[in-house]
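**Q** Please find one structure pasted underneath; my questions will follow.
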Amino acid sequence: MIKLGVNIDHVATLRQARGTTYPDPIEAALIAESAGADAITLHLREDRRHIQDRDVEILRGALKTRMNLESAVTDEMIGFALRIKPHDICLVPERREELTTEGGLDVARHFEQVQRACHRLAEAGIRVSLFVDAEPAQIDASVEAGAPVIEIHTGHYADAQTTDEQQGELERVRAAVSKGLNHGLTVNAGHGLHYLNVQAIAAIPGVSELNIGHAIVARALFVGFERAVREMKNLMLEACK
């Protein structure tokens with residue numbers, strides 16, 4: 001059965017916009033769990049623009065499901081992860097000027113750095129995922145680096161402007177999922193997925209988990225966080241029937 005990882009970053013974005021203590025991403029995470037989330041995803045960025053260290057520290061002991069911590073491949077962030085010991089960590093690229101993660105991690109280009117991080121995290125009992133574009137070379141490099149999980153970047157699919165372009169990107173994701181599975185990897189997917197485009201990705205055989213945040217937080221403004229999570233989970237499950 002396909003799983004849903006709910007990303008709570010944008011609850012923290014709203015909090016940080018005014019420098020208040022609310023809305024509380026911890027509360028959002030617990031509501032998401034009660035609504036059917038299988039994991040809670042959060043990205044502790046180097047610039048701390050939304051999620052803060054304290055959020056991660058509190059959440060690590062509060063979750064009943066899994067914490068999936070997104071992190072840049074830097075000594076500071078890997079060191080933090082080794083101290084917190086999340087269940088899962090997803091290594092992602094990061095640029096300070098970007099609004100959101102704009103593409104997959106170039107594992108092939110930064111192979112030694114990524115491989116070293118994978119080994120350090122694995123030795124600490126943390127399951128490592130690499131957020132990569134739907135490119136064969138990146139999947140091959142992920143296998144060589146020792147990551148047991150990859151998350152396919154679905155942003156190009158989500159941003160497609162025409163039906164033909166979207167279909168082409170969907171086929172790229174399907175091929176990447178198949179290649180990952182053939183290598184024995186667990187394959188997740190995420191980025192840019194929302195209520196109108198999620199089902200085609202959820203229906204791909206072998207996809208283990210989708211990580212979705214912005215769309216759920218946006219929907220929650222109108223229907224509440226619990227319902228927003230349930231609606232997304234139901235769409236995913238329907239697509240797999």
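A Cβ is built for glycine as well, from the same backbone N, Cα and C atoms used for every other residue.
Pulled the feature table from Swiss-Prot, pasting it below:
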type: BINDING; residues: N7, R18, G192, G213, H214; note: 3-amino-2-oxopropyl phosphate binding site
type: BINDING; residues: D9, H10, R45, H50, T100; note: 1-deoxy-D-xylulose 5-phosphate binding site
type: ACT_SITE; residues: H43; note: active site, proton acceptor
type: ACT_SITE; residues: E70; note: active site, proton acceptor
type: SITE; residues: E151; note: site 'Transition state stabilizer'
type: ACT_SITE; residues: H191; note: active site, proton donor
**Q** Would you mind sorting out which of D9, R18, H43, R45, H50, E70 (the recorded positions) have a C-alpha within 10 A of the one on the residue listed as 'active site, proton donor'?
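**A** The recorded positions passing the 10 Å Cα test: none.
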**Q** Should any of the recorded positions R18, E151, G192 have a Cα within 10 Å of the Cα of D9 (1-deoxy-D-xylulose 5-phosphate binding site), which are they?
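**A** The recorded positions close to D9 (1-deoxy-D-xylulose 5-phosphate binding site) (Cα within 10 Å) - there are none.
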**Q** Please give me the CB contact count at 10 A for H10 (1-deoxy-D-xylulose 5-phosphate binding site), counting all chains in the structure.
**A** 21
**Q** Around H50 (1-deoxy-D-xylulose 5-phosphate binding site), how many other CB atoms lie within 10 A of its CB?
**A** 21
**Q** Let me spell it out: for each of the recorded positions (H43, R45), count the other Cβ atoms within 10 Å of that residue's Cβ, using every protein chain shown. Which one has the most?
**A** H43
**Q** Pairwise over N7, R18, G192, G213, H214, annotated as binding 3-amino-2-oxopropyl phosphate, what's the top Cα to Cα distance to the nearest Å?
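**A** So the maximum pairwise Cα distance among the 3-amino-2-oxopropyl phosphate binders is 25 Å.
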**Q** Around N7 (3-amino-2-oxopropyl phosphate binding site), which residues of its chain at least 6 apart sit with Cβ under 8 Å of its Cβ?
**A** I40, T41, L42, H43, G190, N211, I212, G213, H214, I216
